[in-house]
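The active site, proton donor annotation in TrEMBL covers Glu46. Among the features that TrEMBL reports, Zn(2+) binding site is placed at His44, Cys67, Cys76. According to TrEMBL, the feature NADP(+) binding site maps to Ala146, Trp162, Thr188, Asp192, Arg199. What TrEMBL records for Ser160, Arg176, Leu196, Glu286 is substrate binding site. Under the heading domain 'CMP/dCMP-type deaminase', TrEMBL lists 1-115.
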Amino acid sequence: MALALSLARQGLGRTWPNPSVGCVLVRDGRILARARTADGGRPHAEVGALAGADASGATAYVTLEPCAHVGETPACADELAKAGVARVVIGCGDPDPRTAGAGIAKLMAAGIEVETGVMEAEARDVTAGFLTRVTEGRPFVTLKLASSVDGRIATATGESQWITGPAARRMVHLMRASHDAVMVGAGTARADDPSLTVRGLGIDRQPVRVVLSRRLDVPRDGTLARTAREVPVWILVGPEADKAARAHWTDAGATLIDCEIDHGQISPESALAALGAQGLTRVFCEGGGALAATLLAAGLVDQLVTFTAGLALGAEGLPMIGAMGVDRLAEAPRYALTETRAIGPDAMQIWRRT
Ligand code: AOF
Ligand code: ZN
């Protein structure tokens with residue numbers, strides 16, 4: 001199962017709208033075949049592994065309950081049975097209503113021995129994006145924050161490059177690659193003219209680039225506009241986005257998605273629901289401070305990744321998170337530390353919503 005999980009991890013950011021699943025076939029203590037869900041979501045992991053070996057009498061280790069539905073690919077539960085697999089060991093259940101226990105039932109009906117809940121916490125963790133999309137209708141959200149020790153992201157004059165070192169920035173690119181999309185607010189798109197792509201890692205599949213811009217006031221001659229045909233750009237807009245801007249961005253190759261407005265800004269719930277409806281399972285939010293505050297205040301951040309550099313910028317520096325309207329501690333979303341690590345001269349910490 002640990003091997004199946006590591007296979008599944010390798011597919012993160014590459015299989016949406018489907019989960020990245022790992023499958024290992026074993027017989028007499030020997031590994032016969034292994035596979036993960038293919039890029040784009042098909043074929044499924046089990047089908048990939050079964051293609052590589054005669055699996056009769058084998059045990060299949062799968063991170064997610066095998067699917068029960070016949071779609072563009074056959075049902076994995078049926079395929080495992082057809083191949084004569086004797087035993088299936090499952091990490092976590094698949095909440096997709098087409099499966100949700102029906103995969104296990106099919107296996108058992110075929111006389112296969114089934115064991116569930118093996119390394120379940122790890123399996124749920126690698127499948128978190130898909131689980132969140134199916135059960136909550138939105139993608140799993142990771143918020144990245146990079147700041148000085150005193151939580152500043154720029155000096156008072158706006159200088160921000162670079163607060164963290166090259167190793168931390170490289171880690172950010174690695175994290176972008178394990179998400180389906182990278183998301184920023186319009187302010188960041190205007191201030192930084194970011195490319196939001198994964199660079200320097202030899203990765204061939206880029207995450208979708210998502211910008212929230214109520215008025216669609218993202219520079220039309222910027223990097224995103226210039227490259228929208230190479231790597232997808234999706235802009236979440238409000239009703240006041242004007243016709244000319246819409247036409248410009250559509251012509252440039254961007255996809256515009258209309259969202260609801262709440263308290264004068266794009267409703268974060270409606271934005272994430274729209275992204276979930278498009279099939280995204282894992283979104284990596286890189287700010288800015290206003291979007292970070294909105295998402296945090298709405299309780300829509302599942303995981304925080306913080307990079308902290310060893311310098312202090314003082315109270316006049318720009319804070320990394322905007323106003324959240326928190327009056328009482330109990331109103332603030334609480335996170336628990338799951339990992340802490342030195343990355344070059346900086347600290348990286350990963351926090352999970354409690
Ligand atoms: C598996 N193994 O590797 C994956 C599964 O649209 P389809 O037909 O490809 O089915 C997608 C559904 O299959 C998806 O919603 C989820 O329930 C399941 N994903 N299942 O047995 C896999 N990726
Ligand atoms: Zn399947």
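Backbone N, Cα and C atoms are what each Cβ position is placed from, and that goes for glycine too.
Structural mapping of features recorded in TrEMBL.
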residue : record                    : contacts (Cβ under 8 Å, 6+ apart)
His44   : Zn(2+) binding site       : Asn18, Val21, Thr37, Ala38, Pro66, Cys67, Thr73, Cys76
Glu46   : active site, proton donor : Val21, Cys23, Ala35, Ala60, Val62, Pro66, Cys76, Glu79, Leu80
Ala146  : NADP(+) binding site      : Ile153, Ile163, Thr164, Ala168, Val172, Thr306, Phe307, Thr308, Ala309, Met320
Ser160  : substrate binding site    : Ile153, Ala154, Leu318
Trp162  : NADP(+) binding site      : Arg169
Arg176  : substrate binding site    : Gly13, Val182, Leu196, Thr197, Val198, Pro207, Phe284
Arg199  : NADP(+) binding site      : His173
Glu286  : substrate binding site    : Lys144, Val172, Val182, Met183, Val184, Thr188, Pro194, Leu196
Problem - Recorded substrate site residues Ser160, Arg176, Leu196, Glu286, farthest C-alpha pair in Å - result: 20
Problem - DSSP-derived helix, strand and coil totals, residue by residue, for the domain 'CMP/dCMP-type deaminase' (1-115) - result: 33 helix, 28 strand, 54 coil
Practice task
Select the most exposed residue of Cys67, Cys76, Asp192, Leu196, where exposure means the fewest other Cβ atoms within 10 Å, treating these as the binding-site residues.
Solution key: Asp192
Completion exercise
Distance filter, Cβ under 6 Å of ligand 1; input binding-site residues His44, Cys67, Cys76, Trp162; output His44, Cys67, Cys76
Problem - Neighbourhood of ligand 2 - binding-site residues from Ala146, Ser160, Trp162 with Cβ under 6 Å - result: none
Exercise for the section: Grab the NADP(+) binding residues from the record (Ala146, Trp162, Thr188, Asp192, Arg199) and give me their largest CA-CA distance in Å. Expected result: 19
Practice task
List the other residues in this chain whose Cβ sits within 8 Å of the Cβ centroid of the Zn(2+) site residues His44, Cys67, Cys76, in sequence order.
Solution key: Val21, Ala45, Glu46, Val47, Pro66, Thr73, Pro74, Ala75, Ala77, Glu79, Gly103
Exercise for the section: Please classify the secondary structure at Ala146 (NADP(+) binding site) using three-state DSSP. Expected result: strand
